[in-house]
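J.: Grabbed the feature section from Swiss-Prot, which reads as follows:
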type: BINDING; residues: Thr29, Leu30, Gly31, Pro32, Lys50, Asp86, Gly87, Thr88, Thr89, Thr90, Gly414, Asp494; note: ATP binding site
type: REGION; residues: 525-546; note: region 'Disordered'
type: COMPBIAS; residues: 537-546; note: compositional bias 'Gly residues'
Amino acid sequence: MSKVITFSEDARTHILKGVNTLANAVKVTLGPKGRNVVIDKSFGSPLITKDGVTVAKEIELENKFENMGAQMVKEVASKTNDEAGDGTTTATVLAQAIYREGAKLVSAGHNPMSIKRGIDKAVGIIIEELKSMSKPVKGSNEVAQVGAISANNDKEIGQMLADAMDKVGREGVITIEESKTAKTEVTVVEGMQFDRGYLSPYFVTNAERMEAVLENAYVLVYDKKISSMKDMIGILEGVAKQGRQLLIIAEDVEGEALATLVVNKLRGTLHIAAVKAPGFGDRRKAMLEDIAILTGAKVISEDVGLKLEAATVADLGVAKRIVVDKDNTTIIDGAGKKNDINGRVGQIKAQIEETSSDYDKEKLKERLAKLAGGVAVIHVGAPSEVEMKEKKHRVEDALNATRAAVEEGIVAGGGTALLRASTKIDKSKFSEEEQFGATIIKRACEEPIRQIAANAGLDGAIVLDRILQNKSTTWGFNAYSDEYTDLIKDGVIDPVKVVRCALTNAASVSSLMLTTETMIAEAPKKESAAPAMPGHDGMGGMGGMM
């Protein structure tokens, strides 16, 4: 396959065109007065969104060289989304500004490698300054403000996230699902819930709700199948003598064992329920261990030399309340020791730090939440499917922003923190060529404010000038109310993690693009002309006709 190669000035021009095309489509969404983008879908109704990364992911350009520039900026948005979950539009605006200013200097003959070193140094200075400006999140009010800003000033969403975080704690898991109604609401699952229901509907105690509810019940945790009743006689007799209730969690309960449990339940001899163990393979073993620690049970497992027939009531755990429906089991207020639970939480946190797999991280965080707090589900509803999808995007952004804020703290929003932090560049020393890179970053840090102002129908230069007249680091422009004010008091705040990731990723990709001198792409395929048909005047086979 033949290739097309382009060099130096031509290459940079192509990259800049691609960068500008993508960034111009994305940056209209920035700020409280940013606009929506409508995206055509190959099936279903068009998607309306104000989420930068969603817009960026849809863009593919026809010209291969320009597309390379666009794809590299798309990488900036995606990486920022993966790390911080928000700030994708800011990252795109910064990447465009850094590359645009840098390309001018490289074209004028400056050394791109020295400019890159200057950019990297300046970014390091700004990040240190952002950390020193950071304020920890205090109380649910600030959590609600962060959520509202990321959800395009939707205070209802912000408050909902703050309430959910209050209920499940900062370690808890908050998930977002589409609602079947037009209402958006939060439901909280207290205690530990796993996705396994009762093995027989005969275990149900509440026929109206189709639930088996056990109060002050023992919990048996076993890692193998239970087929024979004789293995369980000892435990069942011990539980029956005390007149207590019992939940059996095992790989499976089948045949004679299940039939005997059902008969005893129907006769009223035993108040009992049985469910399958959650998860698969190694994850199942870990989750059974979690349940055992939460309830104060021992995992009955031959791996540790415990057999079911030798188990006694002392090996069982206890929970104040257990609710089992056809799909889920919820264990509330287990009797596990606080120290054991904290030790297990610490162990899972260490595993989260060590693992590099996003899937494993997600599953470990779910286990952590079930042990440490609980799970909150936000059901997003709206009158139409199009609006519901747009709202779901905003809720996801808001959730990610609030988590980031809790992690690393907050700074003044509206692009102000970057502008204030960039003033530190003037007080730092750079070599002559590196100074150009530092100047590029200083100029790029003004760009988010300029764009927020432009989207609000104002002149960015005038807004910048007004902000810089006041030396307070929290003083800035509130585009929602069109006022110059103390942004933190007004609740216009950004998570430090979001601002940091946006700048780091934008500078990383843009400075690499500046050092590009050659571009190679596949040559477009030439359309081959259709072969002429045999015969005279293209009418072969018809010569005998008059």
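Every residue gets a Cβ built from N, Cα and C, even glycine.
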J.: For the binding-site residues listed here, Gly31, Gly87, which shows the highest count of neighbouring CB atoms within 10 A?
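T.: The residue with the densest Cβ neighbourhood is Gly87.
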J.: Using the structure shown, find which entry in Lys50, Thr89, Gly414 (the binding-site residues) has the sparsest Cβ neighbourhood within 10 Å.
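T.: Counting other Cβ atoms within 10 Å of each of the binding-site residues Lys50, Thr89, Gly414 gives the minimum at Lys50.
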J.: Using a Cβ cut-off under 8 Å and a sequence separation of 6 or more, which residues in the same chain sit near Thr29 (ATP binding site)?
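T.: The list for Thr29 (ATP binding site) reads Arg35, Asn36, Val37, Thr49, Lys50, Asp51, Gly52, Val55, Thr89, given in order along the sequence.
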J.: Greatest CA-CA distance (Å) over the residues Thr29, Leu30, Gly31, Pro32, Lys50, Asp86, Gly87, Thr88, Thr89, Thr90, Gly414, Asp494 that the record ties to ATP?
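T.: It comes out at 17 Å between the most distant Cα atoms.
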J.: For Thr89 (ATP binding site), which DSSP three-state class applies?
T.: helix
